[in-house]
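Have a look at the structure below before the remarks.
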Amino acid sequence: MHSTMSVQHGLVALVLIGCLAHPWHVEACSSRTVPKPRSSISSSMSGTALPPTQAPVTSSTTMRTTTTTTPRPNITFPTYKCPETFDAWYCLNDAHCFAVKIADLPVYSCECAIGFMGQRCEYKEIDNTYLPKRPRPMLEKASIASGAMCALVFMLFVCLAFYLRFEQRAAKKAYELEQELQQEYDDDDGQCECCRNRCCPDGQEPVILERKLPYHMRLEHALMSFAIRRSNKL
């Protein structure tokens, strides 16, 4: 009898220690019956009962404030072509010059080429070295103009040399032609047509025979005479 009581007390002590060590099994260890929750009036009227573990749902309204951001207006300015002085000398390193009018005043800017930066595109983007140099279009225009001037001066010298050579040859040929004509006139002076082989009768006037030169020789003689007179005037 005493041994059975001690065994019962030991079992009770083990059960209590187990319940204290695992509190989530206290409900299972309890010998009381858990009362079932009563159904609400609405559920009893509708005939459907809520589950015992379902918590009451509370509706809450949240106010959200939405902020709208207005985009910035896209303002564009009309661009104009720079004057010739600015277009040739203002922008550097093959940059493009353009102007923008603000309050009726032109503001000049440069559109830099790839690899350059700065107000006048005078800096490199890598090491910021200063490279002021004249734009290539200006140098190309200067070279073309100088080449055209050299060609024009050369043509003038060639034309002048040909003119002087022609004048010299014309003067020489005109002088030789004049000498030949003078010699022919001296040989035929005092002779008449009727008495080349015999003397003229008394009272007959001698007729001087004028020898006419061919047409091409007369034309050449006229040109040479004109050239001589023109050279004497100069």
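Backbone N, Cα and C define each Cβ position, glycine as well.
According to Swiss-Prot, the protein has these features:
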type	residues	note
DISULFID	C82-C97	disulfide bond
DISULFID	C91-C110	disulfide bond
DISULFID	C112-C121	disulfide bond
CARBOHYD	N74	N-linked glycosylation site
REGION	33-71	region 'Disordered'
SIGNAL	1-28	signal peptide
TOPO_DOM	29-143	topological domain 'Lumenal'
TOPO_DOM	165-234	topological domain 'Cytoplasmic'
TRANSMEM	144-164	transmembrane segment
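Here is what falls inside 10 Å of the CA of C121 (disulfide bond) among the disulfide-bonded residues C82, C91, C110: C91, C110.
Of the recorded residues, C82 (disulfide bond) and C112 (disulfide bond) place their C-alpha atoms 15 Å from one another.
Looking at C91 (disulfide bond) and C97 (disulfide bond), their Cα atoms lie 6 Å from each other.
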